[in-house]
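S.K.: Attaching a single structure in structure tokens format; questions to follow.
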Amino acid sequence: MALWTLLRHRLQAAVRAPFVGRRALSLILGGFMALYLGGGLVLVGLVFDDLVREVAPGADPLLVAAKGLLPFGLIYAAVQVVMGSGLGVDPRPYQALPVRRSALVGVLAVFAPLSLWNAVPLAFIVAVGVEGALNGTGGAALRFGLAGLGMLTAVTYAAPMLRRAASDRPFRAAGAVGLLVAAGAIEAVDLGVGLVSLVDVSAWLFGGVVQGQILPALGAGLGLIGLVGGYVRWLRGAMVVDHSSPRASSDGSSEWLDRLARRGPVWREAVLEARLLLRNAQTRWTFFTALFFVLVISGFSVSPIEVADLRAAPPMELINMTVFPGLFATGVFAIYHGQNLFSYEGTGVEACVARPVSARHRMGGKLLFLEGGTLFCFLIPLPTLLLSQNPFLIVHTTFFLYNAGVVVPAVVAGATFNRKALAVDEQAFAQTNFSGGRVAVTFPLFVVPFLFLFSFDRLVLQFGGVAALGLLSLLALPVWLRGLTRLYDYNRHAMLRGFRASRE
């Protein structure tokens, strides 16, 4: 009875007009993306055995696929931690129903794996298993399917627990992520310290399950049972109180943020922006996007680029070498997150307005926060660029100065023209927030660097001019701050009216 009641309630919630009206675009785009990715993975799965036989003749396709399950599971879990929100399932709509708490926890635990998140990779797993069964390895194909399904289930249950832990202790989580990235960069750990790599562990664990070995199957089964039991126990405790917003934490990372906040009102506003970024699903996605671009830039450190290549590059090739890796790698955080600075506060606009904070301090905090994000994007790949003595460091440094000095203040200025509130606690594939005023302010500044690149034929004038412009603007930040404060005062009431109207 509890299962039928909750299923009926879930179906009714899915077709209510307010729900559909708020998320129609997100659902449509997410559905198309799931179909596109799922269909592509099905095709890859159907020809996977042929690809394996072409690359590694004599290898078992199911065992090759099993080797990649553990590395994929870790990457998939990291993506879910960043992009997901809440407990994996939202218990609040069901708590008013006449259902026992134990039954509610059990049913919600069943609901959690039933999502588009898991449907896309499951399509590949099923396709590989079906192809293996058609080739006469039905038993191994079934065991591979169960292993893949177990991996997806484990990720589904582990992600919300890791997300809550990361929200409570963000800086410890950042350190753990850094260690994982370092381990992933060298991947073959056995080459460095004589241990095994993730691929070897995956081959023993999931490959052993596919082959029907008792010890790997027993280990995987006990691990999954323990994880499911831990998730049920954690969910029971997490749904006792309304946990729609992460709890305040008293650990070292929170104390470190508190120390920063005590440096002054501007720092306090910047710390509030950092906490909003780390505690909400939609804003964490911007952080994930910034990390992606930073990793891409790190890849350029091993690219065979010479100074002569920059000098002799034709216009279109110069654009490809500067726009994506230069302008957007260090500026992606400011551009992507900064354009919605005030919209992220739109759902609680009354509380924001009531806070006793001057407009100058508020704008200074947002400016400081985006400058810090730009510096973060610059520093992460800097060691690899320095160690490899890659000339691409010229592009990286030039556009960092330009982004920090010109783009960041312009993005903050453009954000004052937003008139739509965005839900920061809900991860959506797309939240439309177009603003003509914002585009008019920011877009021309993305064109300015190319005036230098195409007007001169000497490298020192091309990149030196862009860097000098950014440095001069960076030194003029106090002037920017006065102008931004006046612009905020001018647009403040229009923003408030727009945010209130967009919530109705």
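Placement of Cβ uses the backbone N, Cα and C atoms for every residue, glycine included.
Summarising the annotation, TrEMBL assigns transmembrane segment to 24-48, 68-90, 102-128, 140-159, 171-194, 214-235, 285-305, 317-336, 367-387, 399-418, 439-456, 462-481.
Please go over these features one by one and say how buried each is and what sits next to it.
M.R.: Nonlocal intrachain contacts for the transmembrane segment (367-387), taken as residues 6+ away from its ends with a CB within less than 8 angstroms of a stretch CB, comprise 266-267, 269-270, 273-274, 290, 293-294, 297-298, 300-302, 329-334, 337-338, 341, 393, 396-397, 400, 403-404, 408-409, 411-412, 477, 480-481, 484.
Here the transmembrane segment (462-481) has Cβ contacts under 8 Å with residues 360, 363-364, 367, 394-395, 397-406, 409, 448-449, 452-453, 456 of the same chain, all six or more residues outside its ends.
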S.K.: Under a criterion of three or more Cβ pairs within a distance under 8 Å and sequence separation of at least 6, are the transmembrane segment (214-235) and the transmembrane segment (399-418) in contact?
M.R.: no
S.K.: Given the transmembrane segment (399-418), which of the listed stretches 140-159, 317-336, 439-456 has the most Cβ pairs that are under 8 Å apart from it?
M.R.: 317-336
